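S.K.: Provided herewith is a single structure, encoded as structure tokens, for subsequent inquiry.
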Amino acid sequence: MISKLSVNPTFSPSYNIIVDSVLDFSHILEYVTNKQVLVVTNTTVAKLYLTKFLPALVDDLDVRTCILEDGEQYKSQQSLDKILSTLLENHFTRNSTVLVALGGGVIGDITGFAAAIYQRGIDFIQIPTTLLSQVDSSVGGKTAINHQLGKNMIGAFYQPKVVYTSIEFYKTLPQREYIAGMAEVVKYAFISKDFYLWLDSNRDKILAKDSVTLIEMVKRSCQIKAQVVAMDEKELTGARAILNFGHTFGHAIEKCQNYRGLKHGEAVGVGMAQAIDFSHYLGLISQQQAKDFKDFIVSFGISIDFPNDICQKEFLEAMLLDKKNSNKELKFILIENIGSLSLQKQSKNELEQFLDISR
């Protein structure tokens, strides 16, 4: 069973997302028209899937691999340099090269960024192997590496040629990674009331990992993101900002833990709960709504407990570095109801007061 949908960005060429019930890498062959292929993956995924992927490529291709360490802390300049050096050392040229990102969100982000900047842009293909990367980071063209002062601070908007994935990857995906991915899925439920209702009615099948339901879940999640990206590919109008619900708080958590604590999806789960509480603090929603929204998150196995190893001062400083901020104004994606999120400006003092009473 294959589900296919199209992403139509504002400024870039359209591309397909292919969600498969089985794992058949041959689906990407029509997109590998280049003669030089660099497969970028990490140590974990390489052991599981590299020997399955490489034989799917045709014999006349010049195929090389670049294997990075696994973890958010390796979404770094050093890892980027390793990819670029591999390309240069093997004389890969702009018109003959395609990068393949075989892995989760870190691999997709860093490979996409390498593709964006190598010789001013080369083709790349996304093969996301985690739920989180399937429904979020592989779609929409955001590519980046982290800086010691903040997450995703160095990057570019750069779209892939195609996204191919399969729910077969879940067979080797740790449960913690699966639940982390569910946080991004639940985020889309707060953006779309229809999807909220669908998730609510299919919760048991999702938690049981029913194949047909999971394919539909991934497809619907990608459709929601694709619709937003089509309106505002490069965050010029503000429409795309709603995709960052939970991320302002979540990114700060990751930064404070040096990207070695909560996984990205886990931090987003906590971040959504923080954004919900902040919305209640500001009078945008009732206490009952806040409880209902947080209960919905938790019902999918997602923890919303704030880490106890983060001090408020450090957390506030991390939030001040958020990319959405401008002219010393803090910007948050806040919720007024299911399907009603908005980008709002708040003062540093308002945030400090909220953090004081929420700890």
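Glycine residues also receive a Cβ, built from the backbone N, Cα and C atoms like all the rest.
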S.K.: Given that Swiss-Prot annotates HIS247, HIS264 as Zn(2+)-binding, name the residue from GLU184, GLU329, GLU336 that shares the site.
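M.R.: The candidate from GLU184, GLU329, GLU336 that Swiss-Prot ties to Zn(2+) along with HIS247, HIS264 is GLU184.
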S.K.: Can you tell me the CA-to-CA distance separating THR130 (NAD(+) binding site) and GLU184 (Zn(2+) binding site), as a whole number of Å?
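M.R.: Approximately 12 Å lies between the Cα of THR130 (NAD(+) binding site) and that of GLU184 (Zn(2+) binding site).
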S.K.: Spatially, which candidate from the binding-site residues GLU184, HIS247, HIS264 is nearest to ASP70 (NAD(+) binding site), comparing Cα atoms?
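M.R.: That would be HIS264, the closest of GLU184, HIS247, HIS264 to ASP70 (NAD(+) binding site).
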S.K.: GLN73 (NAD(+) binding site) has how many other Cβ neighbours within 10 Å of its own Cβ?
M.R.: 15
S.K.: Could you list the residues of the same chain, at least six apart in sequence, whose Cβ is under 8 A from the Cβ of GLU184 (Zn(2+) binding site)?
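M.R.: GLU184 (Zn(2+) binding site) has long-range Cβ partners LEU131, LEU132, VAL135, ASP136, SER221, GLY265, VAL268.
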S.K.: For the recorded Zn(2+) site formed by GLU184, HIS247, HIS264, which further same-chain residues have Cβ atoms within 8 Å of the site's Cβ center?
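M.R.: Surrounding the site, in chain order, are LEU132, ASP136, ALA183, LYS187, GLY246, GLY250, GLY265, ALA267, VAL268, GLY271.
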